[in-house]
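What follows is a short report on a single structure.
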């Protein structure tokens, strides 16, 4: 793929100038800051929540290009989130008056013959963070295995792969699957699509229908793993849906950029490119996973750079997707319950990403401190509760 063209860069500069001057952009920054603790007066104005930030591009050249560079920097400046403050604000108190389900009902769509660990990790992480109920919708072959991992999960063996469905039965089976999932959909506060999903064509078609139904029901959707493979080849599933969160790793992000922006990833304009990607897809939130998790909804760019663990065992992305689902549902409830006008609300998907990123990093750090090189995903999951308790102690 070719590098970004001059026309592409000009387009991003133009967008940068518009967003820097946009009341919506300025309001989003003010609201995000207002949710977090204010910076001490002694700090320079270029700090947010007590931490410095820096644009990824530096102003240079003539006065005209300086203005353009400053505008672009304002639009795509990376703000270090005060993630602990976000966690404390959106985590609901443990109230004796609450009943089962009010702390969150999460569903994971994934799990097939080859992959049973990923949906389990995502679903059990949702429970460990604090959701009341966690469901898994998977294939029949995967269901018994996933059930054997934990009795805490509600497992629905209703998905099918191509090998188990005759060609003349596909339409009826697909309709039956959607009908079964639809019975549950409106009960969920958030769904996670992709962990352990695999790439079987019939299964992906069925999940596409489930995603369309979730959109119609206004259910927030976290897309990870093979779900990202699905939407990269069918962007219409997420285009224009502000309740969608994409959580790509470095390879998945590269494929998204190439597909949507028709260029390669450019580290020199990373934040501008991430913003452009969100805007081009149409209002989705993207958490670009890496050394620092960088989060954008197309309006602001924030990051969580708290160090986690040098151990990069598989499955941490599944923990993250389950955690983000819970925090997003909590953030959405927090914002709606405060009865703020729509134009003054902070994006709950951004807050969910910030909180989920921090919690995983804290848990990974504690797990590595105990287990060192032998740290595996289940070790990290066991520290999710302690990590949340350290940030936001439960009230008795």
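From the backbone N, Cα and C atoms, a Cβ is placed for every residue, glycine too.
TrEMBL has this to say about the protein:
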- 83-391: domain 'YjeF C-terminal' (DOMAIN)
- 196, 249, 250, 251, 252, 253, 254, 255, 318: (6S)-NADPHX binding site (BINDING)
- 289-293, 308-317: ATP binding site (BINDING)
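Set side by side, the binding-site residues 250, 313 differ in how many other CB atoms lie within 10 angstroms of their CB, and the most is found at 313. The C-beta environment of residue 252 ((6S)-NADPHX binding site), restricted to residues of the same chain at least 6 apart in sequence and closer than 8 Å, consists of 228, 229, 232.
Considering other CB atoms within 10 Å as the measure, the emptiest surroundings among the binding-site residues 293, 318 are those of 293. Cβ-based crowding with a 10 Å cutoff singles out 196 as the top-ranked of the binding-site residues 196, 315, 317. In the predicted model, the domain 'YjeF C-terminal' (83-391) shows an average pLDDT of 96. Annotation: 311 carries the greatest number of neighbouring Cβ atoms among the binding-site residues 254, 311 [cut-off 10 Å, Cβ to Cβ]. Put simply, of the binding-site residues 289, 291, 309, 311, the one whose Cα is nearest the Cα of residue 318 ((6S)-NADPHX binding site) is 289. Considering other CB atoms within 10 Å as the measure, the emptiest surroundings among the binding-site residues 289, 291, 309 are those of 291.
In space, 250 is the closest of the binding-site residues 196, 250, 254 to residue 289 (ATP binding site), judged by Cα positions.
When the C-alpha distances from residue 293 (ATP binding site) to the binding-site residues 196, 250, 254 are tabulated, the minimum falls on 250. If you take the Cα of residue 254 ((6S)-NADPHX binding site) and the Cα of residue 313 (ATP binding site), they are about 21 angstrom apart, rounded to a whole number.
Rounded to a whole value, the Cα-Cα separation of residue 313 (ATP binding site) and residue 250 ((6S)-NADPHX binding site) is 15 Å.
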